[in-house]
Amino acid sequence: MSGLTIFSDQEPQQPLWQSRDAQAIGQQLAQIGVRFERWQADRELGENPDPAVVIAAYQHQIDRLVAEKGYQSWDVISMRPDNAQREVLRSKFLSEHTHGEDEVRFFVEGAGLFCLHLDGKIFQILCEKNDLISVPANTRHWFDMGSAPNFTAIRVFDNPEGWVAHFTGDNIADAYPRLD
C-alpha cells in the first residue's frame, strides 16, 4: 500500500505526519507541487516484462500524459533482485540530486521510495503498483529501490538528456529511513 511520511529536515527520527490513504497523500503532495495519483496497472506482464510489451499495455496512459504536458519520450525501467547491477544502481540514486525536468513515473509493478527535500521537510513517498508520481524539475530528492529491487515503472520525459542527475553534495539522505 502506498504511503507518505513527512519529517522535518532536522529530525529524521520523528515523523510529523504519516498516511497510507491515497487521497490524503495526493492532497499533501499537491501542496508542494507534486502530482500523485492512483492509476490502473491491471495488465499481466509476466515474470520479466519486455519494455515494448509494457509500453504497448499502457500506451493509453502514456498518451494521456503526453496530451496533458507535452512530454516527448518514454521508456521502461525494470529491476529485479537478481540484477547484477542492483547495488551500483541503488547507491547512485540514494544521494540527494535534482533533474532539469520533471521526474514522472508510473509504477506498473513493485515499489520504490521517493524522498523529496522541500521547504525544510523530507517527504518520503512509498510508490507501489498503480501509483503515478511527478516530481517537479529541480526538486532535491533521492530514490531508494531497496536491497532486493522488484519493480517496473514507465518513465516519461520532456527530453531524455534533461533527466541527467545533478548531485547536490548534501549527505542528508543518509540520516533518513530507507526502503528496507
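Keep in mind that glycine also has a Cβ here, set from the backbone N, Cα and C atoms.
Around the Cβ of Glu96 (site 'May play a role in metal incorporation in vivo'), the number of neighbouring Cβ atoms within 10 Å comes to 20. Per Swiss-Prot, the feature site 'May play a role in metal incorporation in vivo' maps to Glu96.
Under the heading Ni(2+) binding site, Swiss-Prot lists His97, His99, Glu103, His141, citing sequence analysis as support. According to DSSP, His99 (Ni(2+) binding site) is assigned to coil rather than to any helix or strand.
The 10 Å shell around the Cβ of Glu103 (Ni(2+) binding site) contains 22 further Cβ atoms across the protein chains shown. The Fe(2+) binding site annotation in Swiss-Prot covers His97, His99, Glu103, His141 and is backed by sequence analysis.
According to Swiss-Prot, the site 'May play a role in transmitting local conformational changes' annotation covers Asp102. Here the Cβ of Asp102 (site 'May play a role in transmitting local conformational changes') has 21 other Cβ atoms within 10 Å, regardless of which shown protein chain they belong to.
Summarising the annotation, Swiss-Prot assigns site 'Important to generate the dianion' to Arg105. Listed in sequence order, Gly112, Cys127, Asp131, Leu132, Ile133, Ser134, Ala153, Ile154, Arg155, Val156 are the same-chain residues at least 6 apart in sequence whose CB falls under 8 Å from the CB of Arg105 (site 'Important to generate the dianion'). Mapped onto three states, the DSSP output places Arg105 (site 'Important to generate the dianion') in strand.
Same-chain residues at least 6 positions away in sequence with a Cβ under 8 Å from that of His97 (Ni(2+) binding site) are, in sequence order, Arg140, His141, Trp142, Ala165, His166, Phe167, Thr168.
Excluding the listed site residues His97, His99, Glu103, His141, the same chain places Thr98, Val135, Thr139, Arg140, Trp142, Phe143, Ala165 with Cβ atoms within 8 Å of the centre of the Fe(2+) site Cβ atoms.
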